[in-house]
Amino acid sequence: MTIKELLEDMPCKVTGPVDTPVTGIVYDSRMVKPGCVFVCLVGSKTDSHVYAAQAAEGGAAAVVTQHDIAPVSCTEIRVEDTRKALALLSAAWFGHPAEKLKVIGVTGTKGKTTSTYMIHSILEAAGITTGIIGTIGTVIGSQLIKTNNTTPESYDIQKFMRMMVDAGCRACVLEASSIGLRDHRVDGFTFDIGLFTNFSEDHIGGLEHKDMAEYMACKAMLFQKCRLGVINIDDENWKGITAGHTCELTSYGFGSEAKLHAENPELVSQPGYLGIAFDLCGSMQGRVRIDISGKFNVYNALGAVAVCQQFGVALDNVRKGLDTVKVKGRVEPVEVPGGYTLLIDYAHNAVSMENILTTLREYHPNRLICMFGAGGNRPKLRRYEMGEVSGKLADLSVITADNSRYEDVMDILADIEVGLKKTTGKYIVVPDRKQAIKYCIDNAQKGDVVVLAGKGHEDYQEIKGVKYPFDERDVIHDILQEEGKLPAEY
Ligand SMILES: CC(=O)N[C@H]1[C@@H](OP(=O)(O)OP(=O)(O)OC[C@H]2O[C@@H](n3ccc(=O)[nH]c3=O)[C@H](O)[C@@H]2O)O[C@H](CO)[C@@H](O)[C@@H]1O[C@H](C)C(=O)N[C@@H](C)C(=O)N[C@H](CCC(=O)O)C(=O)O
Ligand SMILES: Nc1ncnc2c1ncn2[C@@H]1O[C@H](COP(=O)(O)OP(=O)(O)OP(=O)(O)O)[C@@H](O)[C@H]1O
């Protein structure tokens with residue numbers, strides 16, 4: 001492919017030769033190879049236009065810029081926005097893979113990861129091979145490729161979609177974060193379906209959104225980039241999210257005014273299994289059961305079913321998909337002996353923790369035990385709030401290390417204690433996370449629900465700039481093995 005072919009349909013001003021063959025697209029100067037097109041991005045730390053000359057000297061066929069640079073020894077492609085250009089160029093480079101897939105984008109403050117896994121599980125049950133791009137990584141068949149962002153850079157999204165097409169996938173379900181939408185990571189293609197889960201305060205400040213209005217406007221972009229919007233109309237913000245939409249809309253929720261709605265939710269509780277069953281009503285009818293705890297999962301399931309209906313999936317496959325779905329680190333049960341339930345969850349702020357603990361309370365456990373910590377080099381307010389929430393809602397809080405980063409773990413725990421002390425909740429401090437898990441396992445009683453909060457799918461602990469291996473599943477396995485309590489089937 002030549003520069004000219006690559007630029008087809010892209011508004012730009014070109015200075016220099018355009019018949020040069022292109023060997024690849026690169027958005028990091030350290031990855032420049034002879035013949036590549038280097039796209040200069042204005043980032044939060046670096047404006048990589050400063051590397052344009054170096055890229056040209058390194059053999060780049062062209063550099064893509066959005067502001068003036070000193071003349072370079074290769075072709076210069078001038079565009080209005082290089083992030084947008086990166087998306088368009090990457091789509092062209094990988095042969096527009098989205099056109100060969102049904103692409104579903106999921107946006108919302110909570111429930112994106114869970115919903116993508118539910119959609120994946122249902123579609124796969126129906127024989128529709130589906131890839132996932134999201135917080136846990138990119139899933140293509142049995143392969144999990146770890147990524148830094150919930151919504152990766154546009155180049156990577158296009159590359160992953162190409163890999164999915166080559167692997168025989170027919171669909172791709174992607175978490176479209178507000179930052180990803182804002183930063184043009186999902187430009188260059190049209191989503192077949194956009195799913196809205198819910199909207200609440202999050203991601204404000206720092207390098208994220210300046211205020212709630214901007215946050216909402218970014219989420220709303222999905223419904224200007226898709227053909228059909230599937231909307232949770234029980235969330236009062238749905239009208240703001242769909243303002244300016246260019247797609248058709250369909251709805252889900254608990255009320256009968258929603259096209260697909262739920263009735264008769266019933267919590268299902270057995271040792272090691274907390275789920276929920278409910279009736280699907282409206283556009284699909286039948287009782288279904290989800291193998292993940294929490295009433296909010298009825299919403300995630302409704303959204304997922306409404307999406308899968310667009311593929312003509314039958315009720316049996318919906319049932320099968322929902323009854324077998326597993327999401328790593330999202331109220332994920334881990335099998336343990338002793339008649340109690342042990343869960344790993346990603347809740348790492350007060351809102352998520354309140355949601356999860358309130359939900360688990362509804363299962364009427366013997367005791368609800370919450371083990372958690374808080375990230376270092378993050379706002380202290382989060383720690384006070386988490387302490388207060390757990391103190392109010394759990395029968396016992398076990399406070400311990402999370403990703404302490406550059407802070408002393410004891411300082412973080414002291415902040416969490418400030419919140420705990422506002423309540424009458426019992427707590428214990430066990431700074432080492434493995435020891436804290438061991439404490440929970442050793443002290444759990446029949447009928448208890450123990451939630452290990454904070455790390456979810458993460459498999460490391462970040463301390464002073466180093467990521468140490470720490471997968472809670474492995475840690476639990478090691479503790480049970482050391483104590484001779486490992487179930488026979490492990
Ligand atoms: C603030 C932010 O969004 N940063 C993202 C952004 O990095 P950046 O542009 O700020 O990076 P930078 O270091 O300033 O570099 C700018 C450019 O210079 C290039 N560079 C840099 C150095 C050099 O020597 N040569 C060079 O060419 C870099 O490759 C880059 O292209 O682009 C990177 C590549 O796409 C992202 O990985 C990175 O996400 C960081 C890790 C991040 O934390 N982002 C958060 C805010 C985020 O995106 N979150 C959302 C939502 C999550 C949720 O819903 O929970 C997400 O989708 O993940
Ligand atoms: N529909 C929902 N409503 C409220 N809370 C939810 C919902 N779905 C999940 N949660 C809670 O939020 C946590 C994160 O869920 P999930 O990872 O699916 O959402 P997400 O949108 O991908 O979140 P994040 O952006 O934090 O990764 C869950 O562990 C659960 O506690």
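Including glycine, each Cβ sits where the backbone N, Cα and C put it.
Just so you know, TrEMBL annotations never went through curation; they're auto-generated.
Among the features that TrEMBL reports, domain 'Mur ligase N-terminal catalytic' is placed at 22-92. Looking just at the domain 'Mur ligase N-terminal catalytic' (22-92), the mean pLDDT is 97.
Summarising the annotation, TrEMBL assigns domain 'Mur ligase central' to 106-308.
Summarising the environment of G111 (ATP binding site), the number of other Cβ atoms within 10 Å of its Cβ, over all protein chains shown, is 23. In the three-state DSSP assignment, the secondary structure recorded for G111 (ATP binding site) is coil. Annotation comment: TrEMBL describes G108, T109, K110, G111, K112, T113, T114 as ATP binding site.
Positions annotated as N6-carboxylysine by TrEMBL: K219. Counting every protein chain shown, 27 other Cβ atoms lie within 10 Å of the Cβ of K219 (N6-carboxylysine).
Annotated domain 'Mur ligase C-terminal' per TrEMBL: 329-456, in sequence order.
For the pair formed by G111 (ATP binding site) and K219 (N6-carboxylysine), distance between Cα atoms is given as 14 Å, rounded to the nearest Å. Other residues of the same chain near the ATP site, with their Cβ within 8 Å of the Cβ centroid of G108, T109, K110, G111, K112, T113, T114, are V106, S115, T197, N198, N300.
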